[in-house]
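The domain 'Nucleoside phosphorylase' annotation in TrEMBL covers B:60-309. What TrEMBL lists as disulfide bond is B:CYS95-B:CYS102. Per TrEMBL, phosphate binding site is recorded for B:ARG100, B:ARG144, B:MET145, B:GLY146, B:THR147. Residues annotated as substrate binding site in TrEMBL: B:GLN223, B:ARG225.
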Protein chains: 2
Amino acid sequence: MASILPASKRAMIPDKNAYNGKRFVNVKNPYLDTMDEDVLYHLDLGTKTHNLPAMFGDVKFVCVGGSPNRMKAFALFMHKELGLAGSGEDIKDICAGTDRYCMFKTGPVLSISHGMGIPSISIMLHELIKLLHHARCCDVTIIRMGTSGGIGIAPGSIVITDTAVDSFFKPQFEQVILDNIVTRSTELDKELAEELFNCSKEIPNFPTLIGHTMCTYDFYEGQGRLDGALCSFSREKKLDYLKRAYKAGVRNIEMESTVFAAMCGLCGLKAAVVCVTLLDRLHSDQINLSHDVLVEYQQRPQLLISNFIKKQLGLHDQMT
Amino acid sequence: MASILPASKRAMIPDKNAYNGKRFVNVKNPYLDTMDEDVLYHLDLGTKTHNLPAMFGDVKFVCVGGSPNRMKAFALFMHKELGLAGSGEDIKDICAGTDRYCMFKTGPVLSISHGMGIPSISIMLHELIKLLHHARCCDVTIIRMGTSGGIGIAPGSIVITDTAVDSFFKPQFEQVILDNIVTRSTELDKELAEELFNCSKEIPNFPTLIGHTMCTYDFYEGQGRLDGALCSFSREKKLDYLKRAYKAGVRNIEMESTVFAAMCGLCGLKAAVVCVTLLDRLHSDQINLSHDVLVEYQQRPQLLISNFIKKQLGLHDQMT
């Protein structure tokens, strides 16, 4: 599966050596190159069963998100936006042999689902980063697009994360390695965040801001929800917590950004997190949007990221 | 969707009052009953949009597992094993409106996928427990069936968990609530584990044991794998860690059991964890089984749990 960008478009893509220098993906594992075969188990791919450089060598943008349906929708959208041949409707799930994750490729854009929560995205990222390494990809930008709960901002707003913070508002991710805890940085690429923010200004009626994103291990008790099967705190304690988060610079809450920032940072991937907020947690716990509004909100990160990618590829004339 | 067990089978199910006493599901949230509507967002169900008692009131067994395909396969298998009408091939995903989880119902057996990792299963459990509460279910047994890495036991072995332990071999789950850490017990129902173990003895060539299950937040660094994108420890350190786990009574490693044990315990659900091991982590990190062997191993927990359920329902004559 070589580049499927038509020749007319391919000319518009800057040469990979010229485009932002030649930055390879760093796996930080001395054992990897000694392995005879690397099976990327949860992606149903492997170095002996697949020609990874041929399949993925031209990837420049990796977009990840929790929901398989949404990542397929994004791939179809990118297919159209990049002006690729065919309707794209027959786009194949590259990981069809497993139901853990879905993966779609449209030209230089890879679209992958990661499920919900830190452990689920972490498995995918380990195998994705090895995939990009085996495929000898360079100058890769990776963007997580997601849904989130906002704090003190209108539902439908886009938050571009500058720094991911944990439940204690600390800009760090605690990784358990064997039985040791190692603390990793969760800073994201500031320049990339600014570029995305600038892109957002060109879209009418598109409320966007840059802020901290809080990443929790739990959707209910961990995010101060009063509507879980378990709830041991008062409404006042909940609001006090969310207001303290706001004061610390947190504008939205989701469940994957800290490990995403930490792993991409360590492996030399330029990374961003772009989430839409579905509710303001200062006002409610449950999402009460109509189906149509929910669908439109969920498309917002896709629209912004698609515009950014087209700009990077020199397809300015085709901005949505 | 009332009971779909044919009348001839229904008579074999002990009366719910007689069967093990009348044990309701305990939600521990004083706010829940004050809510006008409860939207189980990630299951695409709700108290106003669905008649939950009619749909789920007869549920006695809930089986959960990571993979949607496997949970569908289990539902089809149970359909056949319970002798329900029709081929079952047209079985519907009750959560078809969302791609977060899948849910299937065959008679008194609910089969649900939970994705990978503690946060993913935790969201599902909050909403499942509320569902069982809203549906006024009683005397519910819940069993997680999964795949795992074994320690010092042959691949293909079944481990029935007595106690789930964390990465530090402690029988506890640390739940972050707002910005406090609360420690919860991870003991499982000893009697249920024994009953499952006794069932296993009736199946020929079915290596089964009761032991501790270690639950980690990470598949690679957290489980001492040398084949991730990141690896900062030596082979010796890895083996030392796994051997210490073995000494502490750990026989397998997976990624959901601590929060499963903690939440089910708090909410009064009789709970068990039944996992097959796909490799011996003292010998390797990657799963190198042939497709057929992998499929057969993955069916083992299903076979054991199906036999257990049939026994409970008085369908002894139909043991597989």
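Glycine is treated like the rest: Cβ placed from N, Cα and C.
Positions of the features from TrEMBL, shown on the structure.
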{"residue": "B:CYS95", "record": "disulfide bond", "CB count, 10 Å": "22"}
{"residue": "B:ARG100", "record": "phosphate binding site", "CB count, 10 Å": "24"}
{"residue": "B:CYS102", "record": "disulfide bond", "CB count, 10 Å": "23"}
{"residue": "B:ARG144", "record": "phosphate binding site", "CB count, 10 Å": "29"}
{"residue": "B:MET145", "record": "phosphate binding site", "CB count, 10 Å": "25"}
{"residue": "B:GLY146", "record": "phosphate binding site", "CB count, 10 Å": "27"}
{"residue": "B:THR147", "record": "phosphate binding site", "CB count, 10 Å": "21"}
{"residue": "B:GLN223", "record": "substrate binding site", "CB count, 10 Å": "25"}
{"residue": "B:ARG225", "record": "substrate binding site", "CB count, 10 Å": "21"}
Short of 8 angstroms on C-beta distance to chain A, which of the listed binding-site residues (B:ARG100, B:ARG144, B:GLN223, B:ARG225) are there? B:ARG100
Reduced DSSP state (H/G/I helix, E/B strand, rest coil) at B:MET145 (phosphate binding site) is strand
C-alpha spacing of B:THR147 (phosphate binding site) relative to B:GLN223 (substrate binding site), in angstrom: 14
Average pLDDT across the domain 'Nucleoside phosphorylase' (B:60-309)? 97
Rounded Cα separation (Å) that holds between B:CYS102 (disulfide bond) and B:GLY146 (phosphate binding site): 15
Sort B:CYS102 (disulfide bond) into helix, strand or coil using the DSSP assignment. coil
Going by DSSP, is B:GLN223 (substrate binding site) part of a helix, a strand, or coil? helix
Taking only the CA atoms, the spacing between B:ARG144 (phosphate binding site) and B:ARG225 (substrate binding site), expressed in whole angstrom, is 24
